[in-house]
Each structure stands twice: as structure tokens, then as C-alpha cells.
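See structure below.
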Amino acid sequence: MIRCPSGGSHNFVWPRGTSIVSGRPRIEPRADSRLKAPPSQLCQLESGVIARFMLNSLDLPLRHSRAYTSGKRSRSSLMATPSSAGSQIVFGGSLGKGVLGRSLADYTKGTMADNSTNCTFTDTNFLTEVCSSNFATFMTLVGTLLTNTTNITDPCNRLGQDGTLLKDLEEYDFIVIGAGAAGPVITSRLSENTNWEVLLLEAGPEEPSMTEIPAYSMGAIGTAVDWQYSTQAQNTSCLSTGGICSWPRGKMIGGSMALQGMMYTRGNKAIYDDWADAGNDGWSYEEVLPYFIKAENNKATDIDNGYHGFDGPLIVNHFPYHPVISEDIVRAAEEIGYRNGDVTGKNQTGIAIALVTVDEGLRSSTPRMYLRPNKNRANLHVSINSHVTKILIHPKNHTAYAVQFLDSNNVTKTVYARKEIILSAGAIGSPHILLLSGVGPKEDLEKLDIEVLSDLPVGKNLHNHVSMGFGFTINDTATEELTSETLSQFIINRTGPLASTGLTQTTLFMTSQYAEEGVPDLQVFLDGYSASCSRTGLEAECSDGTIGTCGRRYINARPTNVWPRSRGYLTLNTTNPLDYPLIYPNYLTEQLDVNVLIDGIKQLISLTRTKALAKWDFQQNITPVDSCEDLEFGSDNYWECVIRRETGAENHQGGTCKMGALNDSTAVVDPQLKRESRMEPSRWKKTEGREGSGDLSEDR
């Protein structure tokens with residue numbers, strides 16, 4: 001019961017009929033398993049207000065309690081009362097074996113603990129940042145429930161130790177820089193050898209538990225765990241924001257993998273074969289496919305079996321939920337000539353409800369699948385909040401021997417490597433660190449009085465997928481997907497809208513008129529039906545947060561150029577490692593990139609006019625974009641204007657430490673991912689995400 005100052009109240013009723021099966025609750029949904037109240041009785045949760053939530057016939061696995069104690073179903077309660085501080089709300093009450101007595105700030109930002117195991121880790125709850133202040137009451141409760149559910153947060157399997165705990169001048173056999181998609185993989189593989197001490201350094205904190213929930217898979221963008229880079233102003237793209245494009249990149253365990261939509265796709269076969277043809281031995285599609293298969297543990301049934309693995313650490317499946325319209329979009333794509341099938345199999349061109357990296361309703365990230373299962377390895381060390389500032393390289397023999405980093409107290413520390421330093425800090429972080437270390441274009445380093453140890457094109461060849469989004473309304477009521485019922489559905493069963501990314505999981509690889517045969521140069525992303533924010537938790541709430549008659553549902557389509565020709569670069573701004581580099585993306589400087597997107601827009605409009613989608617009555621937003629009003633709506637000139645103004649950077653950056661043969665003057669690393677040897681050999685490595693092959697002691 002929530003009692004409001006006005007005297008009104010409403011019940012928060014959790015589903016009854018719950019039973020425990022194989023250690024997990026199973027629910028038979030009931031019509032009353034939702035928040036019941038007329039909107040007039042809703043009130044803000046603030047100082048002086050008491051909130052009580054009755055969890056009927058259910059012992060949720062909340063942190064501070066042992067889940068499903070003795071297999072019994074008990075009646076638990078969670079009470080919020082004003083603290084002596086006045087503005088804080090303190091949660092108290094009996095939950096299983098634990099007793100709560102913490103402020104709301106403790107729950108949203110503080111160190112969380114499972115009292116039954118005495119496990120702690122510092123979590124980050126960003127829901128109230130993602131949703132506007134109008135949503136604060138219900139979303140605070142959502143965040144509290146989700147971040148206090150132990151089998152979501154997984155506190156006892158987190159490995160990260162704060163950098164302040166790492167002693168200065170420590171030695172390790174291997175030091176891995178960056179815990180994004182690739183770092184945890186190589187760290188796990190190296191630590192299989194118990195004779196090797198392996199250290200993984202990460203600038204950010206542990207990955208927030210909220211990033212593991214599919215509906216919030218991209219929710220951390222713009223928060224403290226996002227580097228929040230911005231490009232330099234350009235006159236060819238992002239013109240509606242002064243030519244400046246925002247570049248989210250993950251600053252946490254999981255890196256940018258923890259910021260993205262969980263879709264499991266691979267580069268096209270032609271990309272890898274082009275690499276091999278350019279002299280990168282070992283990188284043809286047939287040669288890298290075994291490593292994709294080795295890493296994968298695919299649980300789906302509608303796949304090309306010869307292209308997938310079933311025994312690897314990385315769990316791949318479909319989300320347990322997708323909007324009904326997804327199936328009609330698949331049929332519509334078939335109408336215009338695109339097959340329905342596995343786009344990670346033999347043929348990439350086509351439509352699919354995508355495979356995703358998901359395990360029992362949670363993100364199957366490389367930290368979760370490669371690091372946490374090996375938490376008991378005594379030789380595996382993970383240091384978080386450890387911002388690497390420089391790799392120390394001997395000026396005479398050019399051997400990398402140590403890494404400097406700043407801990408969370410802004411203290412500089414140095415750790416030494418007996419064998420190798422492996423750089424895996426991403427498309428911005430890796431070149432930034434190399435440039436600060438004296439590895440990069442000679443003329444750029446000399447301008448900042450940095451000693452040049454290797455004159456290499458670090459930071460060049462930067463490219464990214466570029467999109468343009470445009471909207472439609474459809475014949476569906478625009479109600480919120482997040483309700484108290486779908487919240488309980490996720491907490492109990494890991495199903496429902498929270499267990500998916502909504503319409504985003506439906507993707508289409510298309511070929512423009514400019515594409516090579518069999519090589520799609522466009523990928524379509526769709527946005528809509530997201531269960532991210534709600535003001536009340538009521539089923540009757542509209543997507544704009546109001547209660548009443550809802551309008552038509554809005555969805556967004558983003559044709560994306562996945563074979564861009566334009567190339568940019570990044571360079572140092574200053575020698576201060578905390579100052580961000582200068583990023584010049586040069587988007588759309590090649591006219592062909594614009595033409596490909598225009599082709600994609602036209603194909604998408606054709607898709608919305610198919611018989612399969614007729615019942616949805618797609619109506620395109622025909623309001624002209626600012627500064628494009630004088631152009632004929634729908635003409636090629638109009639779409640080019642829109643593309644250059646509303647440019648979408650898809651956060652798939654790459655190329656800044658290019659791999660190439662020894663005679664490739666544009667390359668930074670060789671096909672073994674070592675530093676190019678045009679000067680003198682060095683022992684640092686750079687990895688872009690390929691799992692280490694065979695005996696990891698090779699060449700050491």
C-alpha cells in the first residue's frame with residue numbers, strides 16, 4: 001500500500017499462484033498482478049511519505065536475503081520511511097534472512113552486499129538519469145528492485161578490485177589494457193596457464209547490473225560509465241548539432257559491448273577475404289570461422305549449423321520476447337525480395353529476428369562469460385578504476401616493459417610486465433594510449449614535444465557505420481511496455497518486454513544498387529516497443545507518460561551504411577592523458593556513402609507499403625526537417641540534406657590501429673597483432689577481439 005499525503009492509496013499487487021520449480025519461481029499470471037489505482041491517487045515518493053510493497057506468496061531473490069530459503073513461499077514486505085536526514089528514504093523490513101536498513105542512495109549508488117555470502121561490489125543505477133524527472137518515482141522503485149535481485153547483480157562473481165588496492169611497482173607476466181569485448185577473452189585464455197600472472201586494467205568500474213537487462217542494454221549511454229566523446233565540428237555531417245557528432249563509448253568492465261543492443265552479427269565474408277588478400281595471412285573467412293565457432297554456445301534452432309558453435313563460453317540465442325509486428329516485418333521483407341534466415345550463416349543478406357548474446361534473460365557479455373566463471377583463479381587479477389596513461393617503452397631496444405595508470409585517488413602507479421603488454425582499449429582508447437607513449441605519426445608527436453619511439457600511422461584510417469533515422473506512426477496504441485506486471489514477469493521468469501530490446505532485435509541486411517554481388521552494404525535497425533521508462537507502471541499509461549486516450553505508436557527506422565568509404569582520423573589534443581583526443585570522423589566526405597543511404601531509405605519506404613504491413617497502416621512523418629524545407633520532400637536532394645543534418649553515428653568505430661603486411665605503409669600492427677616492425681621490433685601487442693589461437697606461448 002502506498003499512502004499519499006492526500007489520504008489516497010493504491011495497492012502494488014504481486015502475482016499470486018507462484019511455485020518454486022528447480023530452484024526458480026514459476027508464475028501463473030493473474031489479472032490482478034498489476035498496479036491498481038486511478039491516476040488521481042498516484043503520489044510522489046518523498047520525505048514524509050510511507051511506501052509499503054507486499055510481495056505476496058513470493059520470496060524474491062533480493063540482495064540481503066537468501067533466495068528461496070528452504071524452498072518455502074513466504075510473505076515478505078519492503079517498507080520505506082523517512083530518515084532522520086529528512087530528504088532520504090530508508091528501506092527497512094524483513095526480507096528472508098536479511099534485514100534492510102539503508103538509504104535510497106545506498107541502493108542506487110552505494111556498495112551492495114549479499115549478507116548470506118558477504119559479497120560486495122559497487123553498482124551503478126542509472127535509471128533515473130535515463131528517464132526524465134517525471135518518471136522518477138516509479139523508476140526509482142524499478143531500479144531498486146532490479147539492482148537488489150541477486151541473480152541479476154551477481155555480486156559474488158565480480159572480480160574487479162579498485163586500482164587503489166593495486167600496489168605500485170607490482171610485476172605480472174601479462175598486462176592487458178582494456179576490459180571491453182576483447183580484454184576479458186584474452187585475459188581468461190592467458191590465465192589458463194597457472195604459471196602466468198595476468199593483470200587486466202580497466203579505466204571504469206564494474207559493469208552496472210542494469211546494463212545486463214536487455215531493455216536497458218543501451219541505457220548507460222550519456223551516464224558516468226560512458227566516455228561521452230564528441231567529434232570536432234565538420235561541414236559534411238551532424239549539421240543540426242553544429243557539425244559535432246556524439247560518440248558514446250563504454251567506460252566500464254564490458255566496455256562498449258555493455259552500451260550496445262546485444263545483437264550477434266559478424267563481418268561479411270568479403271571483409272575477411274579482403275584482409276587476407278591484402279597480405280594478412282591467417283585472416284581469411286575460412287581461417288577465422290573456426291574461432292567464431294569456438295567462442296559460441298548457440299541455443300537457437302533456426303540457424304545454419306555449420307556456421308555456429310555449441311560448446312563455447314559466449315551464449316547466443318533469441319530473446320524470449322519480440323513484438324508481434326516483428327513477424328510481419330519479416331514477411332514484408334520477403335515480399336520485396338529478401339530471404340528470412342540466419343544472417344550470421346552462409347548468406348548475410350536477408351531479414352531476421354536477430355540472434356543476440358543473451359543467457360536466461362540477461363546479457364551474455366565477455367566479462368560475464370569469460371571472467372566471472374574463473375573468479376577463483378589465483379593468477380587472474382582485474383583492477384577497475386585504473387585509467388592507463390602510458391605504456392613505457394625502452395628507447396633503445398623499443399621493448400615495452402611497463403604500464404602507468406591513475407587510480408581513483410588520482411595517484412600514478414606503475415606495473416611491470418615480464419612477458420607482454422596487450423593493448424585492447426578500443427578504437428579511441430588504444431590509439432590515444434599509443435600516441436601518449438610515443439608511438440604515432442612523427443609530425444604530430446613532435447608538435448607536442450613527445451619523444452618519437454615509432455613513426456606509425458596511429459589514429460588514421462578511422463571509420464564508422466553511419467545511419468539516418470526517419471519515423472512512422474502505425475496502427476497500434478502507444479502504451480508503455482513497462483508496467484508493474486511486465487516488471488514482475490521479468491524478475492520472476494526473465495521473460496517479457498524487459499527481456500528484449502523491443503523492435504530493435506529485428507534487422508535487415510540489404511544491398512543497394514552500388515553493392516558488390518552478395519555483399520550487403522546496408523543494415524536496417526528499427527526502434528520501438530521499448531520497455532525502458534514508465535511514470536506509473538499502469539497498463540493504461542501512454543508512451544508520453546500520460547493516462548488517458550493514447551495516440552498511434554511511433555517507430556523509427558535507421559538504414560545504416562555498413563560499408564563506408566569515408567575515412568577520418570584522431571590525434572592528441574594535449575599531453576595530458578585526461579584530455580580527450582581530437583576526433584575528425586570525415587563522415588560522408590565520399591558521395592557514395594550518401595548515395596547508399598538514399599537507396600536504403602527508398603527500399604525501406606517500399607517495405608512499409610507491402611501487403612504484409614497493410615494492417616499496420618504505416619504513415620511516414622512528412623514534416624520537413626529544418627533547413628531542408630525548400631527541397632522537394634522525398635527527392636534525392638531532400639534526403640541528402642536530411643542525412644547530412646541528422647547524421648547517425650552507430651558507435652561501431654574501428655580502423656585506428658590498422659592491421660597490415662610489413663610493406664603496408666598504412667598499417668600499425670602486423671597480422672600477428674604485434675607492432676609493425678618497420679623500425680625495430682617491440683613486444684607490445686594490440687588485439688581487436690579475435691580469440692588467441694592455439695598455444696599462447698607461441699613466439700614468446
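Positions of Cβ are set from backbone N, Cα and C atoms, glycine also.
If you check TrEMBL, you get these features:
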- 426-440: domain 'Glucose-methanol-choline oxidoreductase N-terminal' (DOMAIN)
- 668-700: region 'Disordered' (REGION)
- 672-700: compositional bias 'Basic and acidic residues' (COMPBIAS)
Folded-back contacts onto the domain 'Glucose-methanol-choline oxidoreductase N-terminal' (426-440), same chain, C-beta under 8 angstroms, at least six residues removed: 177-178, 180, 203, 227, 229, 247, 249, 255-256, 388-393, 450-459, 462, 570-572, 575, 577, 581, 583, 653-657, 668, 675, 686
Arithmetic mean of per-residue pLDDT over the domain 'Glucose-methanol-choline oxidoreductase N-terminal' (426-440): 98
Tally of DSSP helical, extended and coil residues in the domain 'Glucose-methanol-choline oxidoreductase N-terminal' (426-440): 11 helix, 2 strand, 2 coil
